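Enquirer: Here's the feature list from TrEMBL:
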type	residues	note
TRANSMEM	A:12-30	transmembrane segment
TRANSMEM	A:50-68	transmembrane segment
TRANSMEM	A:75-93	transmembrane segment
TRANSMEM	A:121-138	transmembrane segment
TRANSMEM	A:150-167	transmembrane segment
TRANSMEM	A:173-189	transmembrane segment
TRANSMEM	A:196-217	transmembrane segment
TRANSMEM	A:296-316	transmembrane segment
TRANSMEM	A:328-350	transmembrane segment
TRANSMEM	A:362-383	transmembrane segment
Amino acid sequence: MSSKNTNSNIDYSLIFIVLLLAIVSCFTLYTLGNYLPEKYSNTNFMLQQIKWYIVGSMAIVVIMFIDYDRLRQVVWILYGIGIILLTMLFFHFPPGIAKEVNGAWGWFNIPGLGTMQPAEFMKIFLIIALAQILVSHEERFKNRTNKSDIWLLAKIMIISLPPMGLIAVQPDLGSFLVLAFITFCMILVSGIRWRVILTLVGFSIIMVGTVVLLYVYNPEVVDNFTEDFGFEHVESRFQGWLDPYEYGKSGGYQLIRAMMSIGSGQLFGKGIQGFEVPNIPERHTDMIFTAIAEQFGFIGASFVITLLFLLIYRLIHIALRSNDQFGSFLVSGMIGMFTFQIFQNIGMSVQLLPITGLPLPFVSYGGSSILTYLIAIGIVLNINYRTKEYMFD
Amino acid sequence: MGKKKKKRTQLPFRLNILFLIVFALFSILILQLGVVQILNGEEAQEEIDKTVNTSSKISVPRGKMYDRFGRIILDNEPLRAITYTPPKGGDTADDRLDIAKKLAEFIVIGENTDESNELNEMVKERDKKEYWYLLNKSEVRDRLTPEQLELSNSEQYQEMLEEITTEDLAELDWSDSLLNIIAIKKELDKAYELSPHVIKGEDVTEEEYAKVSEHLYDLPGIDASIDWKRKVVYGSTFRSYIGGITSSNEGIPSENRDFYLTRGYSRNDRVGESGLEQQYESILRGRKEVVQYTTDKSGNIVGSEPVVDGQRGSDLILTIDMELQQAVDQIVQEELQTAVEKHPYQNRYLEDALVAMMNPKTGEVLALSGVRHNKETNEYEDHSFRVIYDAHRPGSAIKGASVLAGLDSGVIYPGEPIYDTCVKIAGTQPKCSWMNLGSINDINALKRSSNVYMFHIAMRMGGGVYRHNDKLRGFDDDGFRLMRNYFSQFGLGVETGIDLPYEGTGFKGDIEFNAAGKLMDFNIGQFDTFTTLQLAQYASTIANDGYRVRPHLLKEVRQPVADKNELGPIAQSVNTEVLNKIEMDDGYIDRVQEGFRRVMQENQGTAVNYFGEAPYNSYKPAGKTGTAENEIYQDGRLVAHVENLSLVGYAPYDDPEIAFAIVVPNNGIIEGGGQHPINHMIGRKILDKYFELKAERAKNGVNLELKQEAVQDKDAETEQE
């Protein structure tokens, strides 16, 4: 087993892309400085973000020293921790530490450390757990049959549905959709045969279609259902998305402001700090893309999207390059996570998707998310680092 | 490393599919971004640049009030004012503090002197905390716990203010000049966007006004302008009917906020809250000037254009004759004083004397006068509102209504003689006239004020059959309802309809027990109570051949004109409104009128001694006197028996032009007579005055220069504080 020079196994282009995104993030937060609501006037978000990047980078370094294969040994512990944390949030436990923001019970407020959002970490834990399931299934069933495929599908569902459910009831629509997309990507790469996958996709389309038709023809039923199950906010988000001007006061407000801000950036943008649309909520976190698009226009916004695309491209490259199934599955999960987050975050500010509370990876301000994504990058780098290229492959 | 087994060929393929999906998703993003930014970008920019038009309403002075001859009663006095108009969206607290600091160099809003602590009282602890907060924002914020930081902005602000301790406040030197700044800022805080708010009105000195005017360029939103305040020309005369307005600090009454807001009022508008100011608010308020401001996206005003020209409120011409009003006030006060001073002990409960005078044909009210003797200060105060508020038992004065009811219901026939001797019903005290009057008919029953005649009408009205010293048989309580219904046709016991926000209608006694006895009392004015104005309307109705007209204080509405000394053209004039016509034979009314005439003109008439001689007989007065027994209770204990003296009437009886009612409650009873005949004396003198003025005006025209008592409107004074 000979390998190439180990140095070349560190994917510098990936690091470079992340570094560029970090610069974009910190610079944008810097420009936003005085334009945020007064209640944030005492926080320097740029410095905080730099701090989190440094913490995350140290995490990457630590991760690099440990063979990612070890994850297979601790996967169920991590998964268990994630589920326990989410369950605690479900019971609003422990009181005073479990915290509600905008109606969603999704945070722990740890005295001295700040806030922590278990749903973020759960994304990584779920990816590892699913990768583990896929690999061990692969090892047991050498030959694919319908039966084994369905069994695998069942196992995937058993693993992914509990965290999805717990996050859905927080309620956190965005993270729920991220987990769903991760699961979908993992199923896609799992090797389950097309007929099974297509059946699954078809079934999902029918389900979603039914709800949409119900909403169009009999909105009351949907109203009652969402009210009974505490998902009014989901409905109002959808209404705000479909008709922002009609629902301008509630669900549509954020969208109208965001579209105005992004749109007015036009092709070249208004230049640094050329903000003209005040009162965009969460502009330093979930709505940070509006700040980039307004200042630097279509060109700047496309540049950021391109950077993010290159990031995904590097991940695909690493997944393809890895000759270890566990590694490939892990990276596939990461791809699903990043892709959906990026698509959802940018998509919601240009009216492609309803508004949800999801950060833009590496750009939005937020300790939990930066840490999570840098850990994810760490794992990916680790996988790449330990990929042995066979001379005569 | 056993894990390095060959991947299946499927995985790269599936990964490529995944990449395809990713590529598709990112393409959609870029595409949509292009649509939003390049295709619709200009639209979005226009949306942002769109200037916002907001309109602002600028208050205009209220209409004035004049008496029937055009003598001004209620005027507007212009006064210098420093105002503040916040921009669209308002200034921030820091901006306001800045303005306050600059403004404080020029104006002083309150002063602490040796006698007063005006400034200290103006600036509350909370205001000091707000100021301290502005200086130490970040420090205060740091004191909040993470939980508090999650609160809404306004809750957070509250919490922060609570975090500020007295030690913190002690850091600063609260000098008078600093307090002045804070007091000014406090005023600035009260203003609503785009609506001018008076920062200092009442006593802006010429110097202050000039200094602020010079520095307007440096004081955004501040203006040195002219405000107005109400000025009552005749002091307390008729003051309670003119009414008052709210101050701009009080603004529109909160209980009717929506009513006013939907009619275009701002929250700090002054509105009438009592009397005619309230009654005719819609006429007096005028039309506000509406200015449309064009603001750019950051709220700066880039242009203004008047949309609606303002017009000050229309003026009211009242029916009141101010000269007569002043004279009547004077007469009432003098007579009351005479009565009180003549028998100070017996008259210890005598406080009020009330007079209402109106034109019986048109309902125009000429004078409403009420004087109260303040027992503690021994002063005579204007309580003219009591004419429409306070109700008293009038005594025999209402017998005209009793007789008409008897005639119309048919229980007595015209000219029916009844033998006047005490009515005695088994088991009750006998009820008598003031003396046995012998056989007497309806007209003379009025002339000599027979109670017994009225008792019989009462008993018959209920269908009762009277036998001396026997039980009254067959009396139906429904008689009471019938009787009250007759009375209400004269305005007794119902609203007179006067154009004021409130009037009393008197108290209706409970008839549960011994209704027959109570109806007998009712018929001689000893049961239900009535206001003086109700009695005046009753006298008018008899004078006016049974037509009950609505008394009114408003004569005309005049359009506002610029010239201060001229009245504008008539916008509206108030016509005589007949509320009802007594539905009965005119012959019956003639009999009552004749009875009233005899009271004052014929021998044995109860008031002939006062009105039968010259010059009073030349006025041809007719009327009815009344004396009602009354009791004074203190803490539920009967302390004194007193008499209400009343007189209603009109003149001249062949073509009435004036009707009046006089009520003087709670006169002491003087053993052996000798009580000052206050009701008659007032009656004589007001008739005297009325006809004297009439003759004088016929000769020399109306005297428009009355003695004025320019006492500043109390409300107007406070409103500028």
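Heads up, the Cβ atoms here are built off N, Cα and C, so glycines get one too.
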Enquirer: Under 8 angstroms, Cβ to Cβ: which one of A:12-30, A:75-93, A:150-167, A:362-383 has the largest number of such pairs with the transmembrane segment (A:328-350)?
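Expert: Between the stretches A:12-30, A:75-93, A:150-167, A:362-383, A:362-383 has the largest tally.
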Enquirer: Sequence gap of 6 or more, Cβ distance under 8 Å, 3 or more pairs: do the transmembrane segment (A:75-93) and the transmembrane segment (A:150-167) meet that?
Expert: yes
Enquirer: For the transmembrane segment (A:150-167), name the stretch out of A:121-138, A:173-189, A:296-316, A:362-383 with the most CB-CB pairs under 8 Å.
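Expert: The listed stretch sharing the most Cβ pairs with the transmembrane segment (A:150-167) is A:121-138.
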Enquirer: So which of A:121-138, A:173-189, A:362-383 has the most C-beta pairs under 8 Å when paired with the transmembrane segment (A:12-30)?
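Expert: Top-ranked stretch among A:121-138, A:173-189, A:362-383: A:362-383.
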Enquirer: Give the nonlocal contacts of the transmembrane segment (A:121-138) in its own chain as ranges (CB under 8 Å, at least six residues past its ends).
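Expert: Hits for the transmembrane segment (A:121-138): 71-72, 75-76, 78-79, 81-83, 85-86, 148, 151-152, 155-156, 159-160, 163, 167, 175, 178-179, 182-183, 186, 189-191, 325-326, 329-330, 332-334, 336-337, 368, 372, 375-376, 379.
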Enquirer: Short question: which residues 6 or more past the ends of the transmembrane segment (A:362-383) have a Cβ under 8 Å from it?
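Expert: Beyond its ends, the transmembrane segment (A:362-383) has Cβ neighbours at 10-11, 14-15, 18, 21-22, 24-25, 28-29, 45, 48-49, 52-53, 55-57, 59-60, 62-64, 66-68, 71, 114-117, 120-121, 123-124, 127, 284-286, 288-289, 292, 304, 308, 311, 315, 318, 322, 324, 327, 330-331, 334, 337-338, 345.
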